[in-house]
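Record features, source Swiss-Prot:
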BINDING   Cys15, Cys18, His19, Met81  heme c binding site
MOD_RES   Gly2  N-acetylglycine
MOD_RES   Tyr49  phosphotyrosine
MOD_RES   Lys56  N6-succinyllysine
MOD_RES   Lys73  N6-succinyllysine
MOD_RES   Lys73  N6-acetyllysine
MOD_RES   Tyr98  phosphotyrosine
MOD_RES   Lys100  N6-acetyllysine
Amino acid sequence: MGDVEKGKKIFVQKCAQCHTVEKGGKHKTGPNLNGIFGRKTGQAPGFTYTDANKNKGIIWGEDTLMEYLENPKKYIPGTKMIFAGIKKKGERADLIAYLKKATNE
């Protein structure tokens, strides 16, 4: 498991421009991520996803996020997420640790 505080810094630097995490947070360019763990791809209420995201059919969890965040366009070809990914596994683990905490509050 990664470091929550380091993960928060990564989120602020690389994710917060397009995503929110708090319960009831607004969608931006990307969906609000609250409740993402255990949710199917393309299912945040009120956000318009590509068919690729809706049809991927996986459940978000540590393993699926670890793979997705390395290279989003490879994991879900056709996603509208323009972020290139995080190559360092340790940084992805930190971000996932933060998301696990922040999206479940």
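Just so it is clear, glycine is given a Cβ too, placed from its N, Cα and C backbone atoms.
Of all residue pairs in the heme c-binding list (Cys15, Cys18, His19, Met81), the one with the greatest Cα separation is 11 Å apart. Neighbour counts were taken as the number of other C-beta atoms within 10 angstroms of each residue's C-beta; across the modified residues Tyr49, Tyr98, the minimum falls on Tyr49. Fewest other C-beta atoms within 10 angstroms, among the binding-site residues Cys15, Cys18, Met81, are seen around Cys18.
Within 8 Å of the Cβ centroid of the heme c site, not counting the listed residues Cys15, Cys18, His19, Met81, the chain contributes Lys14, Ala16, Gln17, Lys28, Thr29, Gly30, Leu33, Phe83.
Annotation for Lys73 (N6-succinyllysine): same-chain Cβ neighbours under 8 Å, separated by at least 6 residues, are Thr79, Met81, Gly85. Put simply, Tyr98 is the one of the modified residues Gly2, Tyr49, Lys56, Tyr98, Lys100 whose Cα lies nearest to the Cα of Cys15 (heme c binding site).
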